[in-house]
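Annotated disulfide bond per Swiss-Prot: CYS31-CYS78, CYS41-CYS60, CYS46-CYS72, CYS50-CYS74, in sequence order, evidence recorded as similarity to another entry. Taken from Swiss-Prot, the feature signal peptide covers 1-27, and the record attributes it to sequence analysis.
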Amino acid sequence: MSTKLFSYFMLLVVLFSVLTIIPKTEAQKRCRQELEPGKQCVLAKCRELCFKQLKGFGSCIEKPPGSSKYTCNCFYNCGPPGFF
């Protein structure tokens with residue numbers, strides 16, 4: 001009986017500690033910046049440039065939509081700094 005009671009108590013403590021931490025966490029904001037506007041995007045170069053400049057992930061996106069022209073867009077973390 002006492003082992004079962006102790007197990008329930010520990011479960012309650014863990015649950016309570018998780019619930020108190022959850023409101024303190026903040027999702028990091030993601031931003032997008034167009035790199036080399038007007039130039040045709042080459043994916044390998046775009047990813048390298050984005051990582052070097054903003055520590056982000058580069059992607060070629062159609063601009064304007066429906067055309068055959070692509071521009072380099074860099075997606076990176078721009079929100080408040082994390083704890084890690």
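Every residue, even glycine, has its Cβ placed from backbone N, Cα and C.
Put simply, CYS50 (disulfide bond) is 9 Å from CYS72 (disulfide bond) when counted between their Cα atoms. Here the Cβ of CYS74 (disulfide bond) has 21 other Cβ atoms within 10 Å, regardless of which shown protein chain they belong to. Sequence-distant contacts of CYS60 (disulfide bond), defined as residues of its own chain at least six apart whose C-beta falls under 8 angstroms from its C-beta, comprise CYS41, VAL42, LEU43, CYS46, TYR70, THR71, CYS72, ASN73. A 10 Å cutoff on Cβ-Cβ distances gives CYS78 (disulfide bond) a total of 13 other Cβ atoms nearby, all chains included. Reported as a whole number, the C-alpha separation between CYS50 (disulfide bond) and CYS31 (disulfide bond) equals 12 Å.
Fewest Cβ neighbours within 10 Å among the disulfide-bonded residues CYS31, CYS41, CYS46, CYS50, CYS72: this applies to CYS31. A distance of 8 Å separates the Cα atom of CYS31 (disulfide bond) from that of CYS74 (disulfide bond).
For the recorded site, CYS46 (disulfide bond), the DSSP three-state label reads helix.
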